[in-house]
Amino acid sequence: MWLCALVWASLAVCPIWGHPSSPPVVDTTKGKVLGKYVSLEGFTQPVAVFLGVPFAKPPLGSLRFAPPEPAEPWSFVKNTTTYPPMCSQDGVVGKLLADMLSTGKESIPLEFSEDCLYLNIYSPADLTKNSRLPVMVWIHGGGLIIGGASPYSGLALSAHENVVVVTIQYRLGIWGLFSTGDEHSRGNWAHLDQLAALRWVQDNIANFGGNPDSVTIFGESAGGVSVSALVLSPLAKNLFHRAISESGVVLTTNLDKKNTQAVAQMIATLSGCNNTSSAAMVQCLRQKTEAELLELTVKLDNTSMSTVIDGVVLPKTPEEILTEKSFNTVPYIVGFNKQEFGWIIPTMMGNLLSEGRMNEKMASSFLKRFSPNLNISESVIPAIIEKYLRGTDDPAKKKELLLDMFSDVFFGIPAVLMSRSLRDAGAPTYMYEFQYRPSFVSDQRPQTVQGDHGDEIFSVFGTPFLKEGASEEETNLSKLVMKFWANFARNGNPNGEGLPHWPKYDQKEGYLQIGATTQQAQKLKGEEVAFWTELLAKNPPQTEHTEHT
């Protein structure tokens, strides 16, 4: 290993394959899996890593647009030491996201396949003992249309905090979301895959040193939305015990406004499956090749497909479930970043607002174009411009303020409303706002953007311990965030000795500002929530409401 030590002397991580003397082999309910040991500098106990462990049958043929089924058993020792293919998606955009948010040093080979229901496991446990460590299950983001498990290395988080980290995959885009609005294709296949992965964890994680009675689900963006959908789903009862939503909750997506049949009809027309019945349409789409569906995906407006109120995963709208308090009231961390629309989202959307300047007329026409996504009627646009843009005459500042408005509508306000509902139902709730610019982000990003969408991921996964270039300040911030997240996974409370106090989100609405300075504050987005609540109460948007039959 001297060569490894010499070549990578400047790095914080040096993988040592086959250490201890033989690689780890673990029994699952379906068969044995072979992993590999990876050591992190400063830790005597290596992390056992298992990549591409199947948790369901490949969702092919008749299982396309159908609930996942348990994997078939195998009689040999399955080699799980290479990254699995990511679920089918637009490869160009998928690579862009993976490059931007990859938390580890290792280059992840980007392969895509419809056969993708796999998970990765990082366990610091001595597998010869009954360790029962807390388990943290990561649900990746990417708008439910792109992304995968492997860009998120659980190596540093598992080693530093002595937790078992599991990163899961789920069907994306048309494969994960296609719904006819009836029993022929109810939709929410992505969430059913997530539930199948959590059931697999319940049945198997003890043999990897994890405690099935201490499972925390955490995710970012669409992963955060998924976490909150699972909290609201009766199907997820007892599958997890704590939850963390980073930059996304299910209230973000206006699910009760989605016209499922119209979207299905558009897909049918574009695909040439324009049949008279739902059953025939589904049958026709099942005959399409993966490449044909991928071509269809690229043609589709990505915002047209989403989680639906299917009567199964979600029996009612999120708002109704929260009002009735009929959900899994587990301890919950909810948070978002200071500038969610700072750079990465506008870039992924094709350089949204590429002009460096903005005036009221431009803002008004822009808001009209996006009014369906914002769930607003056009009549309220003047009030929004008055609230957000009138405080300055600087056209560059006006653009920043308009992006702040998008951050509020899509992230800040839904997070606060969700947290209030969780609190009122008796779930121990903690809120944060992340305010830091990681050193690992693209050089193309403006220096002024602090706390962009996805920035907290580098701290959560301990990237300063896996990649070179982090300052002492950034390294310490990552230690702090990992400690908060892991304490919460252990105890349902992020607080611990030597940490800044994180207040519970109660009627005082205390929260934590996390960044170069980490401190308590109160009433996160309180003024903005009051503005939007009053505005929408007086001017409800005229949109269609469809549910499954």
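Any Cβ shown, glycine's included, is placed from N, Cα and C.
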Per Swiss-Prot record, range annotated motif 'Prevents secretion from ER' [choices 186-189, 394-397, 546-549] = 546-549
With CYS116 (disulfide bond) as the reference Cα, tell me which of the active-site residues SER221, GLU340, HIS453 is the closest one.
-> SER221
Once the DSSP letters are reduced so that anything not helix or strand counts as coil, what is CYS87 (disulfide bond)?
-> strand
Candidates SER221, ASN274, ASN375, SER471, ASN476: member of the recorded positions with the richest Cβ shell (10 Å) | SER221
Spatial neighbour of ASN274 (N-linked glycosylation site) that is closest, considering only the recorded positions CYS87, SER221, ASN476 and their CA atoms = CYS87
Between ASN79 (N-linked glycosylation site) and CYS87 (disulfide bond), how far is it from one CA atom to the other, in Å?
-> 20
Mind giving me a neighbour count for CYS87 (disulfide bond)? Other Cβ atoms within 10 Å of its Cβ, every protein chain shown.
-> 29
